[in-house]
C-alpha cells in the first residue's frame, strides 16, 4: 500500500516526479516537420509531446490512458482464448494487470511512406510512423500514427505482440533493406541476458516484410543484463550487399551480431568485445553514418569502437577517449552522438577530489568534437541529404571556423564553386549563402556584453506627479538609442536581418581605425549575399509558377499574384533564363490578358508586386509577403522560419491542396522549418 506506483491514490508518500526514459521520433513527424518526443514518467505514464510553437511544448496524447481503455474493453485478455481474469482484489491479478500496463521502454521506427488512393482515383503519399512500447510482462504494443501527428485522431491502429522474454529491459527496432525490400522487427533484451528479434507484421504498410519466426541472437541466461541496443545499417564490402549490425551493452562487455541475408537465408554472426571497461557500461551510442560505436562507464572513460569487415564477419578496433584530459576528474552518466557525427554530448558530474566524493552533484552537458573542420566541410559538399537544417551539427563546426579565422578557406570556396557550376542545385547556393552570412557576421565588431543575457541595470521608471522626478527628454532619447543598438546586436548574433545591421557595422568599423578597407569588404560581402538571395528567390519563383501552370485552368484566378511574379522575374534585363521565359509565356497565354492583382484589405487599393519581401499600396499600407507563395500576409498572425529569415502565411480552408503543399515547405534560404 506504500508503493507509489501500485497505489498512487494512497497519498502515503509524495508523488514520484521525473522521467524514466524518453525517445525522439525521426524528423518530419509533427505539424512543423520536426520530431515528436515520447516521455515515460516515474509513475509509468507514457505521453507524446510536440514543439508546435517556438519554445512551447504541448502534450498531444496520453498513451497509458488509451491503452488502459483498450485493455478494459478486452477484459484484460490479449485474445478471446485466454482464461477469464480474476478479481481485482486478488493481489496476483492486480500484479498481472499492473505488469501488462507498466511500460519499460519505447522506441520509434523509421517513417513508412505509402500511397493512398482517393475517391477520385488520385494517389497521394501518406506517411506513418510506428511506436513500439515494451511492458514489464514482455508484451509489446505497436502503435501506428498517421503523419503529421496531431493527436488522438492521428492514431491508426494498436497491436499487441507477445515476446516471450522474461524480465525485459531494453527495446530497439531492427530495420533492414535487401534488394529494395524493407524488413522490420523488434530487438528485445532481457535483464537475465538473452537477446532476440521479434517479427512485426505490418499488414497496413505496403512494401514492408518481416521474419517468419523469432531469431535468437543470444540465448545464454548468464545474468548479464542488456542495458542498451543499437541497430546500424551497413554495406558489406566483401559480400557486396547491405547488412545489419546489432550491438548491445551487456555489463562491461559489448555484444555484437552481424545479420546478412544471402541465397541460403539469414546468416547470423555474433561475439563479444571484452576488455573495454572495468565497470559496467552506463551508456552507449552509435554514429549511423559510418557505424562507429561509443560506450562509456561511470569512471569517465569513453571507448570508440570502429567496425572493420573481414571475409566472414567483422572485428572491432577500439581506442580510449579520456575525458579527464579534457574536463578533469569527472563521472559520466550518459553519452549521445549528434545526427551527423560531429559532436559527442556527455553528461558529467564532479569526480572524487582527494579521495572524497562531492557533497553536491552538478550535472553538466559537455560537447566533444569528433570531426575536424575539413571533414565537416567535405561531408556537407558530398551530402546526399542536401538539407542544411538536417546537418546543423556539421554547419556548426564550419560556422565556428569562419568566425574564428574571419575568412572562408580557399579550398572550400573553390570546391563549392565547382559544385554550383557542375550541378547548380539550390542546396549548394544555400550553403554559399550560409558561408557568406557567417563571414559578414565575423567582420562585425564583437558586442561588449552577451546579447542573450538580461541586463542587470535598473530599468525601472519612477512614475510621479512631480515633473522634477521624471527623466529628461535627452535621457529618454539616449535610452531608446541604447535599446535599439542592443536589438540590432541581438539580430546580428542570430545571423539574420543583415540589411538592417549593415549601417551599424560600417559605423563600428570606422571607429576601429581601418574605415575604408572594412567598409569596402562589408559592402562586397553584402553584394554577394544579395546576389545569392536573389538567385534562390528566382529559383523558387519558377517552382511556384510551375505549380500554378499545372493546377490552373484558362483565366482562373488563383490567390497567388501570378502576373506580378512573372513581371518581377522578367524585370531584370541581365536575367536570361530560357526555362523561365518559356514557362512565363505558357502562363500568360493561359491567363488570357487577365492580371488578377491583389488588393489591400484596408483600403481596397491594388497591391503592386515590386518587392519580394513586402507589398505597399498607394495609401502606404505595408503588408509582408509570404516567401513560399509570394502572397501578401494580410493578417495579424503569420509564421516565421526557425532562424527568422522569412515570413510565411498560415494555410486557409479555401486553399487548394497544391497551395497547402507549397506552404508546408521549409525556408528557401536556410532549410529551417516554419513556425
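Cβ coordinates come from backbone N, Cα and C, glycine included.
These numbers come from a predicted model, not from an experiment.
What TrEMBL records for this protein:
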type: COMPBIAS; residues: 481-490; note: compositional bias 'Polar residues'
type: DOMAIN; residues: 2-371; note: domain 'Transcription factor IIIC 90kDa subunit N-terminal'
type: DOMAIN; residues: 372-449; note: domain 'DUF5921'
type: DOMAIN; residues: 592-642; note: domain 'Transcription factor IIIC putative zinc-finger'
type: REGION; residues: 462-516; note: region 'Disordered'
Composition by DSSP (helix, strand, coil) of residues within the domain 'Transcription factor IIIC putative zinc-finger' (592-642): 0 helix, 15 strand, 36 coil
Structural state census, the domain 'DUF5921' (372-449) (DSSP three-state): 57 helix, 0 strand, 21 coil
Segment confidence, the domain 'Transcription factor IIIC 90kDa subunit N-terminal' (2-371), expressed as mean pLDDT: 88
